[in-house]
Amino acid sequence: MGLMWGLFSVIIASVAQLSLGFAASHLPPMTHLWDFIATLLAFGLDARILLLGLLGYLLSVFCWYKTLHKLALSKAYALLSMSYVLVWIASMVLPGWGGTFSLKALLGVACIMSGLMLIFLPTTKQRY
């Protein structure tokens with residue numbers, strides 16, 4: 001059950017990260033404070049996506065809280081690295097995100113996935 005909550009947290013945090021990235025690229029820069037505030041108050045699509053991202057992070061924290069009650073911290077914390085993998089893949093697959101493929105990033109993803117496999121694969125008991 002803890003693993004399920006952890007995966008929910010990772011997926012929701014990844015979607016929230018993508019939402020915040022989209023909003024940040026479409027909202028006026030914070031250096032133009034009045035334009036930024038006016039855009040937020042107009043509550044257009046960009047502002048709603050920003051709010052969705054923030055609420056997603058809040059929901060992700062709730063799932064993380066539930067994860068920590070059911071799963072050892074050493075395993076739970078390792079799950080967070082999956083968010084990097086999901087965001088990287090989504091930025092390349094989703095249209096308009098402009099994510100780029102590189103061997104360096106692929107190597108990083110391979111390291112993350114290898115580490116997760118080492119942590120989560122069951123161990124065999126040795127008899128002495």
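Glycine residues also receive a Cβ, built from the backbone N, Cα and C atoms like all the rest.
Under the heading transmembrane segment, Swiss-Prot lists 3-23 (among others).
Residues annotated as topological domain 'Periplasmic' in Swiss-Prot, with sequence analysis given as evidence: 24-35. Mean pLDDT for the topological domain 'Periplasmic' (24-35) in this predicted model: 93.
Taken from Swiss-Prot, the feature transmembrane segment applies to 36-56 (among others), supported by sequence analysis.
As annotated by Swiss-Prot, topological domain 'Cytoplasmic' applies to 57-77 (among others).
Look at Swiss-Prot and you will find 78-98 (among others) tagged as transmembrane segment, backed by sequence analysis.
Within the chain, the transmembrane segment (101-121) has long-range Cβ neighbours (under 8 A, six or more residues past its boundaries) at 74-75, 78-79, 81-82, 84-85, 88, 92. Annotation comment: Swiss-Prot describes 101-121 (among others) as transmembrane segment, evidence class sequence analysis.
The topological domain 'Cytoplasmic' annotation in Swiss-Prot covers 122-128 (among others) and rests on sequence analysis.
Counting residues of the topological domain 'Periplasmic' (24-35) by DSSP class, helix then strand then coil, yields 6 helix, 0 strand, 6 coil. Listed as Cβ neighbours of the topological domain 'Periplasmic' (24-35) (distance under 8 Å, sequence separation of 6 or more from its ends, same chain) are residues 46-47, 49-50.
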